[in-house]
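**Student:** The structure is given below, and queries will be raised subsequently.
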Amino acid sequence: MIGQKTLYSFFSPTPTGKRTTRSPEPVPGSGVAAEIGGDAVASPAKKARVEQNEQGSPLSAEQLVRIQRNKAAALLRLAARNVPAGFGESWKQQLCGEFGKPYFVKLMGFVAEERNHHKVYPPPEQVFTWTQMCDIRDVKVVILGQDPYHGPNQAHGLCFSVQRPVPPPPSLENIFKELSTDIDGFVHPGHGDLSGWARQGVLLLNAVLTVRAHQANSHKERGWEQFTDAVVSWLNQNLSGLVFLLWGSYAQKKGSVIDRKRHHVLQTAHPSPLSVHRGFLGCRHFSKANELLQKSGKKPINWKEL
C-alpha cells in the first residue's frame, strides 16, 4: 500500500540511480522543512517556534500530552504492520507493543535474511504455535526451554515437542519416563507432539524461537531472548497462580524475575541425558503442578491427553 512501509522495507538496499535534490526554499506558508543533502532547513514559522521555546517558553502540558499520544499512536501503527504471521489474536493484543520496537524490527529482518540463505526451523507459520493453542489469559503452566530442535521436521513452535511421526528426542523420552512414575495411568503416547498439553493451557516456550538447520544456538542473542522475556514478564505481572516449571540453570535464570508470592515455581535439573539423574527423575513436577493449580482454584492438567 502506498504510504505504508512494510517490515522488510527497513532492510531493502538503498536504490541507486539519479540523485535528486530539493529546492532549499521552503514552500511559502507551508511550515515544511526543505531538505538539502539530508539536512533539514526549518521554515520561518518553525524557526520562530524554536526560538520562542529557546527563549524560555516551554511546551504546554497539553502539547506534551499530544506529542506523547502521537508517538504512541505511531508506534501502534508500526506494530500493526509488523505482526508476524501466525501470531494468536489474544497474544497479539497484549504483546503488540513489542512489534514496533527497533530490536524486534531488526530481529525479523535477521530471520528473513537467514531464510533467504539457509534452512531455518521451524517454518514461518509454526514459529508462534505457542500463541495459537490457547488464549493468553488461559495459561496455567509455563515450561521454559532454550533453543528449537535443529533437525528436519522436529521443531514446530512448542519447546520439547516434535511433530509426528518424528520419534521423541532423548530429553522428551526422559520427560515421559518421569510422567510414567508420577501420573497414574500415564502411558508413553508413541509420539512426541505435546499439542494436547498446550491446548489445556501449558505454555511450552523456548527462549529462542528459530534456529539454522543443524546449527544449535545459531540464532541466540539476536533479539528472541528479549521478546520471550517480555512474554514471561506479561504473564508474571498480569496473571496469578501460574505454575512455572524451570528445568536447568538456563530456564531458572530466565525465570528469576517471576514473583514467587504471586506464582508457584518448581525447579530441578534439565531432563537431558547429561543431567536427568541430578534431580529430574523423581521430581514429581507434574502431579505437584496439578496440586498447586487446584489450590489456586484452577482445573488441573490432564497430562495423559496427548
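Note that Cβ sites are derived from N, Cα and C of the backbone, with glycine treated the same way.
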**Student:** Looking at Swiss-Prot, which of Ser43, Ser272 is flagged as phosphoserine?
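**Tutor:** The candidate carrying the phosphoserine note in Swiss-Prot is Ser43.
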**Student:** Given that Swiss-Prot lists His150, Ser171, Ser249, His270, Ser272 as binding dsDNA, which residue among Arg164, Arg278 does it place in the same site?
**Tutor:** Arg278
**Student:** So which range, 66-81, 98-113, 226-241, gets flagged region 'Interaction with RPA2' in Swiss-Prot?
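**Tutor:** That would be 66-81, the stretch labelled region 'Interaction with RPA2' in Swiss-Prot.
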**Student:** Compare the C-alpha of Asn70 (site 'Essential for recruitment to stalled replication forks') with the C-alpha of each of the recorded positions Asp147, Asn206, Ser272, and give the closest one.
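**Tutor:** Smallest Cα separation from Asn70 (site 'Essential for recruitment to stalled replication forks') among Asp147, Asn206, Ser272: Asn206.
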**Student:** Name the one residue among Phe160, Asn206, Ser272, Arg278 whose Cα is closest in three-dimensional space to that of Asp147 (active site, proton acceptor); these are the binding-site residues.
**Tutor:** Asn206
**Student:** I need the CA-to-CA distance for Ser171 (dsDNA binding site) versus Asn206 (uracil binding site), whole Å please.
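**Tutor:** The separation of the Cα atoms works out to 14 Å.
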**Student:** Out of Asn70, Ser171, Ser272, which of the recorded positions has the smallest number of neighbouring Cβ atoms within 10 Å?
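**Tutor:** If we count Cβ atoms within 10 Å for the recorded positions Asn70, Ser171, Ser272, the smallest count is at Asn70.
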**Student:** Same chain only, sequence gap of 6 or more: which residues have a CB within under 8 Å of the CB of Lys288 (N6-acetyllysine)?
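**Tutor:** In sequence order, the residues whose Cβ lies under 8 Å from that of Lys288 (N6-acetyllysine) (at least 6 apart) are Leu266.
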**Student:** How many whole Å apart are the CA atoms of Gln146 (uracil binding site) and Ser272 (dsDNA binding site)?
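**Tutor:** It is 12 Å, counting Cα to Cα.
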**Student:** Please give me the CB contact count at 10 A for Asn206 (uracil binding site), counting all chains in the structure.
**Tutor:** 23
